[in-house]
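The topological domain 'Cytoplasmic' annotation in Swiss-Prot covers 1-49 and rests on a curator's inference. Swiss-Prot lists 50-70 with the feature transmembrane segment, giving sequence analysis as the kind of evidence. As annotated by Swiss-Prot, topological domain 'Extracellular' applies to 71-548, with the evidence given as a curator's inference. The N-linked glycosylation site annotation in Swiss-Prot covers Asn119, Asn244, Asn527. According to Swiss-Prot, the feature domain 'LDL-receptor class A 1' maps to 122-160, an assignment based on sequence analysis. For 161-213, the entry in Swiss-Prot reads domain 'LDL-receptor class A 2'. Among the features that Swiss-Prot reports, disulfide bond is placed at Cys162-Cys190, Cys216-Cys229, Cys236-Cys251, Cys254-Cys265, Cys272-Cys287, Cys300-Cys318, Cys396-Cys411, Cys417-Cys431, Cys427-Cys444, Cys438-Cys453, Cys456-Cys469, Cys463-Cys482 (among others). The domain 'LDL-receptor class A 3' annotation in Swiss-Prot covers 215-252 and rests on sequence analysis. Marked as domain 'LDL-receptor class A 4' by Swiss-Prot on the basis of sequence analysis: 253-288. The feature domain 'LDL-receptor class A 5' is assigned by Swiss-Prot to 291-328, with sequence analysis given as support. Residues or ranges marked as domain 'LDL-receptor class A 6' by Swiss-Prot: 370-412. Taken from Swiss-Prot, the feature domain 'LDL-receptor class A 7' applies to 416-454. The domain 'LDL-receptor class A 8' feature in Swiss-Prot is assigned to 455-492; the stated evidence is sequence analysis.
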Amino acid sequence: MSQQAGNAQRGRFDEEPMSLGEKISHRMDQLKEIVSSSCPCAGKFPPVAIVLIVALIILGVIIAVPLVIFLSPSAQAMSSGTRDLSSHSIRHPKVWPKTEKVQDDDLSAIQMTSLLPPNVSTCSGFGFACTGSIDMIIPSSKRCDGLKDCSDGSDEENCKECQSIYSCRAHIEEESEKKDKTSVLPTLICLTAEKLCNGVENCPDGSDEASCRSKCSKDQFKCSGSDACLPISVKCDGVSDCENESDESNCNKCQKGAHKCGKNCIKASKVCDGIPDCDDGSDEHQCDCKTCSGSEKALCEDGTCIMRSQVCDGKHDCLDGIDEENCPGSCSNERFSSKLKLLTCDDGNQYSEVEACSGLVEACELNCPKCDPKHTFTCPAVGGIHNKCIKRSKVCDGIFDCEDGADEKKCTPVKECVVESSIQFTCDNKCLESSRRCDGVWDCEDKSDEKGCDKCPSRSFKCSADKKCLPFHTRCNGVAECSDGSDEHKCSCQECLGTHHDTYMCSESNRCLKRGEVCSPYSMCPNATYIDKAYCASLALKNSGLRP
């Protein structure tokens, strides 16, 4: 454009303001010139087309950005957190002694609350989260105690107050800090007694080696073989500060939060840690979330602190057994209201009395008040030993199971067995009366005495497809004895859980499975519910080490 034309153009602009349409047309021309400078081919298109293309590109970018964020791995991880499928707890480290429950904005958690009994808590939000291992949370009682409980030692960093016997500044105080009364609390190094007067300076100012004196003051004492003067207040606190543990002997009263257990004091960090140290377990009672905190702990409503692995493990660890109520694979009170009579057997597990006294659980042979008269043989008590319940297939098998050998007496030799007239029959190299056939009791180890049966007695189950009679307590045990699986169909809570200790009741399908076979790795329950699926997800996380 010539200078004269340009001046004329400017003069026209000065004289007549552009209309809205002219402004838009002018802007489109400018946009076309900008685009054409980068892409000469754009000059062939009208300005309107250029504007539409640019607008579509901008719109595509606006739509793509949130879509990329949504599909990213981190977004998927956050999305999966809407269903509580793990017990990871990520919390900003807090310095001792703050133990109040942290606010929601301090806590990002994926918890297994949907799988826990309603009256058992994991005390989420309490304790100290190790900086280098977000899935490891230690109780507040182990924070700044002079011992590194986190793998990265973060529990002993940024300490403002120590729970150990001795503390010193992490750095030497400057003169300006001494004069400044408004400065924050200094960071401390926490030391146990064994770090004092050991010839190694653990404090920057060497104060841990400067307190060694030949004579201590009235409120101090010395351990045998040590030059360190320790305060009397650390006696009987459950922590052995002396090598010979003399500071923990002859204790009539415990100090500094320690628990009296017989003649001993249990230190505060071992009280409410989920592991009973007293014979009566009293050190794990009357706990709260401040004391029973940590990634491996669980708190019962009655104040008992237990290990999280003890929840829903088939054993009653809370005082009233609430740690086993409404667990995945169990029946709610509405579906299964009968209270089972449980026996603790020699393997430490708890069994229903029906199962324990059926003769099928060897660990329970000496724990039954009364043996099942139909399915077992009762060995008489000898020398103060309780009656022993053995399964009937062990009778006359040539092996003495009873102390007095009663199970091998009155046995008919096989060569004298009358089998021609079907009065008797043989199996497992023993002779049995014909009345033992098809009676719903396994007298033969190979179970052949219960095959080929046209009828089965009451308190037994008939496999119609196989013509077999099964003992009543084998129904709904998670193992299909019938070829058509009919012995595992339409199971009730009483049949599944009232008779067996190692079974899992599927939430909605009336199907009973062996607990160890429920997940493979996904739930094997027909029409598996969220709880069934979450149980297997929890088990997978636990087996992979991602959850306690």
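Here the Cβ of each residue, glycine as well, is placed from N, Cα and C on the backbone.
Looking at 215-252, 291-328, 370-412, the range that has the most CB pairs within less than 8 A of the domain 'LDL-receptor class A 1' (122-160) turns out to be 291-328. By neighbour count, meaning other C-beta atoms within 10 Å, the densest spot among the glycosylation sites Asn119, Asn244, Asn527 is Asn119. Between the C-alpha atoms of Cys251 (disulfide bond) and Cys265 (disulfide bond), the distance comes to 7 Å. Over all protein chains present, the Cβ of Cys236 (disulfide bond) has 21 other Cβ atoms lying within 10 Å.
Considering only the disulfide-bonded residues Cys162, Cys396, Cys411, the Cβ with the fewest other Cβ atoms within 10 Å is that of Cys411. The Cβ of Cys417 (disulfide bond) lies under 8 Å from the Cβ of Gln424, Phe425, Thr426, Cys431, each of which sits 6+ residues away along the same chain.
Here the domain 'LDL-receptor class A 4' (253-288) has Cβ contacts under 8 Å with residues 139, 141-142, 145, 163, 233-239, 294, 296-299, 303-308, 310, 319 of the same chain, all six or more residues outside its ends. A Cβ distance under 8 Å defines the sequence-distant neighbours of the domain 'LDL-receptor class A 3' (215-252), meaning residues of its chain 6+ beyond its ends; these are 165, 192-194, 196-197, 258-260, 263-268, 270. When secondary structure is read from DSSP and collapsed to three states, Cys229 (disulfide bond) falls in the strand class. On a Cα basis, Cys229 (disulfide bond) lies 74 Å away from Cys396 (disulfide bond).
Looking at Cys229 (disulfide bond) and Cys427 (disulfide bond), their Cα atoms lie 80 Å from each other.
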